[in-house]
Amino acid sequence: MPKYRSATTTHGRNMAGARALWRATGVKDEDFGKPIIAVVNSFTQFVPGHVHLKDLGQLVAREIEAAGGIAKEFNTIAVDDGIAMGHGGMLYSLPSRELIADSVEYMVNAHCADAMVCISNCDKITPGMLMASMRLNIPVIFVSGGPMEAGKTKLSDQIIKLDLVDAMIQGADPKVSDEQSEQIERSACPTCGSCSGMFTANSMNCLTEALGLSQPGNGSLLATHADRKQLFISAGQRIVELTKRYYEQDDESALPRNIATKAAFENAMALDIAMGGSTNTVLHLLAAAQEGEVDFDMTDIDRMSRMVPHLCKVAPSTQKYHMEDVHRAGGVVGILGELNRAGLLHNQSKTVLGLTWEEQLAQYDIMLTDSEEVKRFYRAGPAGIRTTQAFSQDCRWDTLDDDRAQGCIRTKENAFSQDGGLAVLKGNIALDGCIVKTAGVDESILKFTGPAVVFESQEDAVEGILGGKVKAGDVVVIRYEGPKGGPGMQEMLYPTTYLKSMGLGKACALLTDGRFSGGTSGLSIGHASPEAANGGAIGLVKQGDLIAIDIPNRTISLQVSEQEMAERRAEQDALGWKPVSRQREVSFALKAYASMATSADKGAVRDKSKLEG
């Protein structure tokens, strides 16, 4: 029977000082001996996805204490990728994931907490907390802040749906008037919550559901909807149950490594491919798997990308559907239900509800259940009122979207594409692979060959695109922007956005050892591994070299002879693998990150071998 970790600080005469300090936080005599559960919040006023979380930690804490635990809340940092985008601030986004994971470990281990409820939402916060959860392997439940409502505005007598990416594209399009650009900007992000499309934040919150670490609706129920309050309440209640199951009944099935097994990671990846999620999720799943010592790597992702069809198309791949529409169609459970019927789900994997996926689908899949309560839950919809308040409205759709032939979620037979929404490409320019979000690629450019236009920073690429240096048919190459070379592996949303603004969204490709925002679409290929700073072949590309991309056959190649490649490599080895003329100030904190960063195919985690010996 495992001993409560917290007993280290609450029992024994030699812990009198620790108990005195616990008492100063409000712990009473009768509380000693109860499990201490960390409420890991991420409230900040910098981020719309987190601005409404201030009081939600205490909502969870009250439920924990009512159920027989001691709740202690702390906050992590949270970077808003959208605000950090397009300038030096983006260098800090991915490294913040490691800081979040470490800070959770520091707080939980320093105070000997027994379990956690992780209140996350946006891009690097959910992954950082997930990494910490797999590392610590104590009972945990994730509950996110929820997605933002889609924006809406009237243009040319037509109501259109909007999101953050629309504001960015219109703002850079010289053909759009100042008045229309401002109208879209003011309408794009109407409420608190994570940006309304299937961008990185919402993708990751959906994946925690598929991993079994969060409750039904976590990934899709709007931040503003009153129903979301129950997710926080039940998380507080359920974590006490999980904690007691492990520590008092020796039930190891309550631990995250026994829930998020390899089968669960494959379920999460299947979901990601089926819904055309952000390419960033590949980085984060690989990183979390390594923390949990789960044997899951790029080979598994490549294999699954060839099996799983594209069942759910959401912004930025279409403007017809946003997260509120996914929820109306049954949410994550709805997509997993279709994967299960297609034989593509490990349905004996378990979840924090204590159910197998087979059992959970029977209860929560709108295509299977007779429960009016469940159907009402999935009819929760937007109010269209600007607000920063959680649980501020109770609007519902009149009907569910259960049209699996032409609706938001499709059956395998009616899939948007039999080819999944993400793909791994390999070739001489990316020996360890690179990632493309095929859900956002127009069919006309699934095969593409063009001359390289090479840039050694995102800033130069933006200047070149807006300055007319990129023409239809070109392959834009942005290198030395990987985890080590950036450092920090910036998102390339501005270059891809400006290609669209210049009318080149379906006429060009972009290849980088950096990464992309979940808001990216188009023929945008990222995570080229090894990265240029680690001697990757993307560092050998010269202006005008032909690059051939073949998504159906999963290949990408630099059309240069092996002899020429070898000569270029010898030359680059002598010069050193670094940008020729880039001027970029890099702080000590970022240099420390770069000194241990691995390439994207390893999840851009720190190279632990550098700590050995």
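Cβ coordinates come from backbone N, Cα and C, glycine included.
Site annotation (Swiss-Prot, ligand Mg(2+)) includes D123, K124, E491; from D81, D163, D166, the additional listed residue is D81.
The number of other Cβ atoms within 10 Å of the Cβ belonging to E491 (Mg(2+) binding site), over all protein chains shown, comes to 32. The sparsest Cβ neighbourhood within 10 Å, among the listed binding-site residues (D81, D123), is found at D81. Rounded to a whole number, the distance between the Cα atoms of E491 (Mg(2+) binding site) and C122 ([2Fe-2S] cluster binding site) is 15 Å. Of all the binding-site residues given, namely C122, C195, the one with the smallest number of surrounding CB atoms inside 10 A is C122. Geometry remark: E491 (Mg(2+) binding site) versus C195 ([2Fe-2S] cluster binding site), CA distance 16 Å.
Cβ contacts within 10 Å of K124 (Mg(2+) binding site), excluding its own Cβ and spanning all protein chains shown: 30. Sequence-ordered, the extra residues of this chain that approach the Mg(2+) site, with Cβ no more than 8 Å from the Cβ center of D81, D123, K124, E491, are V79, A84, M90, S93, L94, C122, T200, A201, N280, S517. Looking at D123 (Mg(2+) binding site) and S517 (active site, proton acceptor), their Cα atoms lie 9 Å from each other. Of D81, K124, C195, all annotated as binding-site residues, the residue with the shortest Cα distance to S517 (active site, proton acceptor) is D81.
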